[in-house]
Amino acid sequence: ISQPPHLHLAEVTASQFLDIWKHFDTDGNGYIEGKELENFFRELESARRGAGVDPTNPTFREKMKEFMQKFDKNKDGRIEMSELAQILPTEENFLLCFRQFVSSSAEFMAAWRRYDTDRSGYIEANELKGFLSDLLQKANRHYDDQKLQEYTQTILRMFDLNGDGKLGLSEMARLLPVQENFLLKFQGVKLTTEEFNAIFTYYDKDGNGYIDEQELDALLRDLYQTNKKEMDVKNLTGYKQSIMSLSDGGKLYRGELEIVLCREPIV
């Protein structure tokens, strides 16, 4: 394997953070797990101690266990990107962007609405840059345009899975901590356009092109029953709030809900 990058640094920049991530998440599934995790921990220990580490040594296992107890916040036995950001001494401003970006799905959806200015179901690079610049200003952080450019490019490289230079909502949702990521919960429930239209029309009883929170509630319960998924009422409330934050003053329009429930936004 090529020499792992930047692990010895006192501070890791946005693009170095991504290099490290890509180096260890070898299968690109969004987690450092299994063998990848062992490699990561071994390299991290070596970099920090400036000497080789023997993974067969029992103390190595012990240390790795302690390490995971400390950093694997959702206890799923693997490291995701937001957890890696806690482990590495990552540049503060970038971390802030990253965390704010991913703090909760309701905020995330509300931000999405604000920045997907052309309602395309995508955030283009210039829209993303506006988003990050607002974040940093809100937090009274000092930054320069070059850094902002780097953050924008890094987040694009992180999450633009199909390389089209813009982020789709489902790509963006990979930024959310797993327990917040209600879009992942819907992965087994993706609808075709026809199914979606039929359901939306059914719940939009008065045919005015949007549904309200009560109607959304019924629609989600319906979806879960049809897909025989276990429905936890607490979760339902959470999803509902997240989806409703896409709405326009309590009116959830067809296009917005479609972004969440359909495979591909209709172009």
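Think of each number as a place in line: the chain as shown, counted from 1.
Using N, Cα and C of the backbone, Cβ positions are placed for all residues, glycine too.
The feature domain 'EF-hand' is assigned by TrEMBL to 12-47 (among others). For the domain 'EF-hand' (12-47), the DSSP counts in helix, strand and coil order read 24 helix, 3 strand, 9 coil.
Look at TrEMBL and you will find 59-94 (among others) tagged as domain 'EF-hand'. Same-chain residues lying 6 or more positions outside the domain 'EF-hand' (59-94) and placing a CB less than 8 Å from one of its CB atoms are 7, 9-14, 17, 20-21, 30-34, 37-38, 40-42, 44-45, 53, 102, 136, 141, 143, 147, 151, 154, 158, 174-175, 177-179.
The domain 'EF-hand' annotation in TrEMBL covers 103-138 (among others).
As annotated by TrEMBL, domain 'EF-hand' applies to 147-182 (among others).
Sorting each residue of the domain 'EF-hand' (191-226) by its DSSP state yields 25 helix, 3 strand, 8 coil. Positions annotated as domain 'EF-hand' by TrEMBL: 191-226 (among others).
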Give the residue counts of the domain 'EF-hand' (59-94) per reduced DSSP state, in the order helix, strand, coil.
23 helix, 3 strand, 10 coil
When DSSP states are grouped into helix, strand and coil, how many residues of the domain 'EF-hand' (103-138) land in each?
25 helix, 3 strand, 8 coil
